[in-house]
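Record features, source TrEMBL:
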- 4-343: domain 'Acyltransferase 3' (DOMAIN)
- 12-35: transmembrane segment (TRANSMEM)
- 92-117: transmembrane segment (TRANSMEM)
- 129-156: transmembrane segment (TRANSMEM)
- 177-196: transmembrane segment (TRANSMEM)
- 202-219: transmembrane segment (TRANSMEM)
- 231-248: transmembrane segment (TRANSMEM)
- 268-286: transmembrane segment (TRANSMEM)
- 298-318: transmembrane segment (TRANSMEM)
- 324-346: transmembrane segment (TRANSMEM)
Amino acid sequence: MRKIYLDNIRWCTIILVVFFHVFFFFNNIGVTAIFEGLSEYNQGDGMTLPEFISMQCSMVYDVAVRSGRCCSLSYLQHKAAKQFIAGRRNKLLVPSTLGVLVFGFIPGSIVAGASAGAKLQAAPGFVKYIVYTLSGIGAQWFSQMLFVISLLLLLVRKVVLAVQKEERKSIQKESSVYVLLVVMFFLLWGASKLLNTPVVESYRFGIYTVAFLLGYYVFSQDIVIEVLKKWRFVSTLTAVVSGVYFIYRAYGIYYGHSSLLSTWYANLFTYCMILAIFGMFAAYGDKKNAVTEWLGKISFPVYILHIPVILIALSLLQKSDLSVGAQYVIVAFAAYLLTPLAALLIEKIPVVRYLILGIRH
């Protein structure tokens, strides 16, 4: 049975991700801003709102992994592995590879032009295309990771079935859930130190793979969710306290470095927020209406398209005399209004909708 609250977690996550990216391209804490940022933070001497939101979104990415994998359990129980792979290929792989190869140069040219500028002018055309395409991956790195991890899930599932002759071991006792909740924190913390790509640090295969598998084998069990519902206020308070401590420790540090994201306090905050969000949404968010159904339907296309829309808006505003605050408002307006409209338009165009959104019909 499909869990409504998982769908609600996903679209809420996408809303936060879009909000984060409105600020992301102005961020200059620990990195060179792609677009001009707030002047008072040019020396990286404080934590800006972009950094806080990005920290928050790195947390809810894990929630998205877990909630998505809870759905994978139901899917794999009723579909063959080939059907599962075909579904993941269309939704995750095609937009993040073919779509990027065909259309990625558009947002990529804006990013590369803003960051590299004159350095690329003398480069051969094919070099520019490669640079623009790689720069245009945007948020699709997450789809690429999820496809790889989905294939790994099939392998793990096959091994588990061969060893114990059943899909998974059901958790029978509430006391076992408490033990697992403690153990899972250390699993995530340990995994955060593994399989992190050295250059593009967003590809953090260790923690996302473990989160994916825990979602499939643990968080998909009703007894676990019932415990999280029972302790939802405690986990929420713990998340707030651990979040304040994280801000204190991470103040003025670039949020994307693995050296920060693999610390115990970063992972404690992440983990507590995951537990709190599962508990709160299971208790209060397990319902739907016409609006939430539409948000759930449009959320994935918005995830794919919001960065190109934001970049186009930023490129048009780059030479304006508007304050950064005004630019934030305009870019946010474009992201939340124009991205769904772009998605609805692309869904009407054959071939293009498959390459960009993974939608065949």
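Using N, Cα and C of the backbone, Cβ positions are placed for all residues, glycine too.
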May I ask you to check whether the transmembrane segment (202-219) and the transmembrane segment (129-156) make contact, with contact taken as at least three Cβ pairs under 8 Å and only pairs 6 or more apart in sequence counted?
yes
Where else in the chain does the transmembrane segment (231-248) make close Cβ contacts, counting only residues six or more beyond its ends and a cut-off under 8 Å?
47, 52, 55, 265-266, 268-269, 272-273, 275-276, 279-280, 282-283
Any chance you could find the range in 92-117, 129-156, 177-196, 268-286, 324-346 with the most Cβ pairs under 8 Å to the transmembrane segment (298-318)?
324-346
Taking a Cβ cut-off under 8 Å, which residues six or more beyond the ends of the transmembrane segment (92-117) line up next to it in the same chain?
32, 34-35, 128-129, 131-138, 140-141, 143-144, 146-147, 150, 304, 307-308, 311-312, 314-315, 318, 354-358
Can you work out the mean pLDDT of the predicted model over the domain 'Acyltransferase 3' (4-343)?
84
